[in-house]
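Engineer: So TrEMBL lists these for the protein:
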- 21-45: transmembrane segment (TRANSMEM)
- 51-71: transmembrane segment (TRANSMEM)
- 98-121: transmembrane segment (TRANSMEM)
- 127-144: transmembrane segment (TRANSMEM)
- 165-184: transmembrane segment (TRANSMEM)
- 190-209: transmembrane segment (TRANSMEM)
- 310-330: transmembrane segment (TRANSMEM)
- 342-365: transmembrane segment (TRANSMEM)
- 372-391: transmembrane segment (TRANSMEM)
- 397-417: transmembrane segment (TRANSMEM)
Amino acid sequence: MTKTPKKVSSPFIRTFLRGEISYGFWGGITTAGGLINTFLVISALTIYQYGVFQLLLSSYALLAVLIGLGGETVRNDLLRLVGEGKESAAKKIFLENAAFRLTAGIILWAFVFFNADLFSFRFGPEFIFHIKIISFLFLHDALLSSLRLALDARKRFQEIASRSSISKFIQLGLMSYFFFFSTLGLKEVLIAFVSAYFIALIFLLPPFIRSYSPWRHLTAVGESFLYRALSSYGKWEIFRPATAKFGNFAQVWFTKLFLGTEAVAIFSVAKTIVGTIAGSFPTKTLSTLVPLEMADKEHLQKIFNQGLKYLLVISLLFCLAGVLFVPPLINLFFSKYAVSLPYFYFLLITLPISAFSVIASIFLVAFRQQKFLFFQKIASTLISIPFYLLLLPVFGLWGLAINSLILSLILNAIVYWQLHYRVKDVRVNWNALARFDKNDLEFVKKMWRMSVTFVFDRVNR
């Protein structure tokens, strides 16, 4: 008799749905607000100015990595401790993390703000002012990373998800004011972005206070968990985000070097749209929930199999939706960026590949495979830079698109090898992946019923 595989437990599904519906609802609002913001920005800025905007953001993102050093390791360990009921140890990690992030944020802000004039030999005073405006994002990132750790520990998915939506609509309000009553240039866009992020943080304070309350009267344990985690397996995760951001930084600046600032804007539009679609994958709660389920290996395998199968199906549906709906919107509202569409179509091929890497990365972090993930990012950068040098001069922007596809295939092959031959705690079940049977139909029906019930419960409150 064939053994019936263990099903993912209903409490897990309910928590997952609660988180994903919250992220999905607020994500839809965020996307709508983001599209309107993008319309204002792209309409107001020239292609050259939008290229400068992307160059500024990529440079900021590279430095901002210093604030997030080891963030995934710290988050994973804190969630595991909460799942094990070790709240005093979790509080210790939270306090150490907050002290580290805030110190790093203040140092970075001061360094960039007070040294921006050093770029005056190459750039004008307006560009220097842009650098000073964007430097305040380092303070925002430090505050957000400190607050969010407590929210993750208490599964405050709705509050976390709503922050992006709130910031988008504040940005919209500020940019609309500049657009209709003043001038909307690059300076005003940056002021609106930075101001909106700080205002949105205020809305996180009440849920943060409630999330921190279980720790309020606890004494944090004396042992330094943060140093121990980051000096052991976590040391590999410290530099992983830096290598990823450096790869993006190199792409943007090599594109400017070989093809010009306008080319940066054209490819950024295609890449941003595909990134927005990939960002809509319903996986945001899994990175919180998987570390809490580490004790049950059979349950983890089931979560992995079902998560991978359904995310692959969702990614194909998203590709179809992208082909049907994105081109008319671009041609209608952003006709000067219609030249980005061929690259957008090509990059859609990477979405199903991304579905595997998203699920696999969540589990690799949970299994403390930071060393592997670090070297994966190193490999990504080492492979990409020669490709930029070889492909950009010959194929132009198509060189970036080709590089994205080849890189995705290579890196996912490496991830599969790591999961299958080294970790061995979860495996890709190819037979289950290619089969849709009555168990899947029953699972989908159950998910649908629970989703509808959850939504109606929220509406009727």
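Cβ from N, Cα, C; glycine included.
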Engineer: To the transmembrane segment (372-391), which of 98-121, 127-144, 190-209, 310-330, 342-365 is linked by the most Cβ pairs under 8 Å?
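Structural biologist: So the stretch in question is 342-365.
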Engineer: Residue list, the transmembrane segment (190-209) vs rest of chain: Cβ under 8 Å, 6 or more residues beyond ends.
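Structural biologist: Same-chain contacts beyond the flanks: 53, 56, 130, 133-134, 136-137, 140, 143-144, 147-148, 150-151, 156, 159, 162-164, 166-168, 170-171, 174-175, 178.
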Engineer: Under 8 Å for C-beta pairs, could you tell me which stretch among 51-71, 98-121, 310-330, 397-417 has the largest tally with the transmembrane segment (342-365)?
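Structural biologist: Of the candidates 51-71, 98-121, 310-330, 397-417, 397-417 scores highest.
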Engineer: Is the transmembrane segment (397-417) packed against any residues at least 6 beyond its ends, judged by a Cβ distance under 8 Å, and which are they?
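Structural biologist: Contacts with the transmembrane segment (397-417): 251, 255, 259, 263, 266-267, 270-271, 343, 346-347, 349-350, 353-354, 356-357, 360-361, 364, 376, 379-380, 383-384, 387-388, 390-391, 428.
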